[in-house]
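What follows is a single structure, written as structure tokens, with notes after it.
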């Protein structure tokens, strides 16, 4: 008997599973706010050099004659953001005047920013423009570095300490570091706290998904995994609305961080995974948790009959194979695990590269940043509805593979779209982003189902590490556009297509298949599958031989 049979006996997808899933997915939704927050808090508005200290700058009419005399214009007729005339050139106000040969200099006295849309951002506060413009991207890279470190750290800790402890700590760390970020007075301190915030991303996402999957019967796992994607989509829509209402970056930062204190407080009620407790010799606590589940699901009588012996019998065959400690090498220890791990490394990396390459720089589309953020969030809804349907009725492997290949083709096709068709290019990019978001959430669930319970968190943590590496590489690939504009879209699209092909060729289907508890059980399942296929193949060969022999005998 499998552990999922016990969950079915205690109510299946009952009230406990619904409440538990909702309480875990709500924080996951707000994580999207932090991931894409710098689209708003680090937005770079139009700007130009501040005038010399001995020059009196009018307080109104920033596009008036004084600006034409003090700031050179670029090829589009806009003020140069990083240069100014050494001396005001009033002669340029005359018709047909030329600025050729006029001496210019850098912005020695700072910058003037257009505050009509953003009253304050970190770019304005610390002048992250011109020579310092790379620091803006550095801050986001540091956040993604934190996500990378968190994936490596929390994945291993969760398999050793349980799912709940790292999750509770991550809520607290994000609440504190997020609020502290809103009060820092220097860019270096801002980066430190952004790093700490990034670490919690993996701690929350990975442990929330594992808890949902491990408390959910087989028939409810697909919908639960897709709901995680919808929560992330909801978070992007919330960010667009909150950022539109709260424009100052410090208040916006605080607004999306404070709710995690509430999540920290109620997370103490969340029970630990009984699967993990049983596999680590804590059967009594597992029984207590299961009895609470039974009571909440209206199966109090069934819960009272539970004992440690009864509960342990559901995974008794697995206890003999459980290792008391695990290491990263366990992800490569056996052929079946090694095949899954190597394939997922490429899939997570490729998905992340393409996803963040599209979603982390909304200003490049030339439309309202709030509108683009909302569009990039809304597009996930129909995409995930399709993903939900195909995952339930077709399977995980076909769904993930199809979305990755489709997204890659759309990203490549986008580079052939004329640049003056900004709206059409944005819509096409949004469709590609929707496919990538759907494949992302599908592969989260797929990965959790592919790995056995004893190393599930470590496997998901390691896979997430590869995704974070992709997030770090994405900005570097974007810079290849300075060499050739076709390199970034080709790189993003090609990696996505290759990842989709790898899923189709090397991973097995997990739809309606009970979760595997140990590495040994996974190896047995793979061997049994091969034996069954070999038997079927031999039967077909014998049948074909007999079919071919009959006419020959009749002829003779």
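Keep in mind that glycine also has a Cβ here, set from the backbone N, Cα and C atoms.
Just so it is clear, the model here is predicted, and its values are computed rather than measured.
With respect to the membrane, Swiss-Prot annotates residue 222 and residue 394 as residing on a common side. According to Swiss-Prot, the feature transmembrane segment maps to residues 167-187, out of the candidate ranges 83-103, 104-124, 167-187, 272-292. The transmembrane segment annotation in Swiss-Prot falls on one of the ranges 426-446, 510-530, 531-551, namely 426-446. Spatially, the transmembrane segment (367-387) is not adjacent to the transmembrane segment (138-158); fewer than three Cβ-Cβ distances between them are under 8 Å for residues at least 6 apart in sequence.
The stretch with the most CB contacts under 8 Å to the transmembrane segment (486-506), chosen from 138-158, 195-215, 340-360, 458-478, is 340-360. For the transmembrane segment (340-360), the partner stretch with the most Cβ pairs below 8 Å, chosen from 167-187, 251-271, 458-478, is 458-478.
The transmembrane segment (16-36) and the transmembrane segment (458-478) are not in contact, since fewer than 3 Cβ pairs between them lie under 8 Å (pairs 6 or more apart in sequence).
The topological domain 'Cytoplasmic' (388-397): residue composition by secondary structure is 8 helix, 0 strand, 2 coil, according to DSSP.
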